[in-house]
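Accompanying notes for the structure given below.
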Amino acid sequence: MPFSLALPHLPLSPLPIPIKSLISHKSLALRNRHRLLTPASAAAASNSPSAPHRPEFSHWDTMTSKLAGASNIPFLLIQLPQIILNSQNLLAGNASALFAIPWLGMLTGLLGNLTLLSYFVKKKEVEAAVVQTLGVVSIYIVIAQLAMAGAVPLPQFTVISVVVAAGLFLNFLYYFGRLSDLFWFAWEDFVTIGGLSVLPQVMWSTFVPVIPNSVLPGTISCSVAVVAVTMARFRKLPEKGVKFIQSISGWTATFLFMWMPIAQMWTNYLNPDNIKGVSALTMLLGMIGNGLMIPRALFIRDLMWFTGSSWASFLYGWGNLLFMYCFSSVNRELFWLATVSLYTWLGSLKKAISFKYRASSCCTAF
């Protein structure tokens, strides 16, 4: 799952904002915060306003931006092994194997991709928007396969299909200037409310039947989200409240992605016999892609990006591989190769960061 997680606030101004002034405003905000908020932007980090400008940091700036750019490769392929495995199981009449994949966990990733897609489209970040679009499409294919196996209820799958089709269509129209600001602002509000509503409900539903089945978490959070977003849109909240509502969508997208590994590990725990329906290669690609983004998140001191990437690399990637290894679903060589590689990579990062800050201290003292 791509973890392009550092998402700034989605504007909630009731008035149309010229795109040039919006971009310059965002660029100024990024410059002031010394943050790079997307791995796609990181690919051009040598010109990034958020990267440190001191000469001693130029090497780190270039290296970490290239690593972040390279992470797009495993993210583009991340769901392909799972799609192939699902197709093989469906053709073989082994539909029960697909129940090893929690559709609620996949849904959180899908909504996270849609949220990030809308942001990147508005910023005209073509490469990042393409990656998020591929993420939406690939996860939707997996969910469609789960629906074919009976793992996703038909009413829920129908709603998901409508949201995905509408989201891709509206983003396409807006990118080419064929959508009015009124409709775009309405879509942004819908994405914000949808994320805030779905996240608590998915978190609750993941643990059913251990806890009673209920729609109360989603209902309460949806009601609160509608009131908060409406008041922020019409500037009925204090300035700090408006800024909080604007910024919360970024963390919502991050938490949506972060819930994916928890849902998968819980499903593995409940149904260890079906764990062979999970693709080890998909988990490995998730570990690699998120691991490659950690250096950039540390270099530019982006907490949101670092939190999401680290969490996914450990839990979504290595954590699920550990589960699969414990239940003999992945061979020993692959698991230990992934383990040694991950911890060697993290160890080298620790040494590099220590050296960087020692050099920074020396230069400052000088």
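Glycine too: its Cβ is placed from the backbone N, Cα and C atoms.
As recorded in TrEMBL:
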{"type": "TRANSMEM", "residues": "97-121", "note": "transmembrane segment"}
{"type": "TRANSMEM", "residues": "128-148", "note": "transmembrane segment"}
{"type": "TRANSMEM", "residues": "154-175", "note": "transmembrane segment"}
{"type": "TRANSMEM", "residues": "182-204", "note": "transmembrane segment"}
{"type": "TRANSMEM", "residues": "210-232", "note": "transmembrane segment"}
{"type": "TRANSMEM", "residues": "244-266", "note": "transmembrane segment"}
{"type": "TRANSMEM", "residues": "278-299", "note": "transmembrane segment"}
{"type": "TRANSMEM", "residues": "311-328", "note": "transmembrane segment"}
{"type": "TRANSMEM", "residues": "334-349", "note": "transmembrane segment"}
Considering the transmembrane segment (128-148), which listed stretch of 154-175, 210-232, 278-299, 311-328, 334-349 counts the most C-beta pairs under 8 Å: 154-175
Chain residues in Cβ proximity to the transmembrane segment (154-175) (below 8 Å; excluding those fewer than six residues from its ends, i.e. six or more beyond): 103, 107, 110, 114, 117-118, 121-122, 124, 129, 133, 136-137, 140, 143-144, 147, 183-184, 187, 191, 194
Positions on the same chain near the transmembrane segment (311-328), where near means CB under 8 A and six or more residues out: 1, 3, 257-258, 260-262, 264-265, 268-269, 272, 275, 278, 280, 283-288, 290-291, 294, 334-335, 338-339, 342
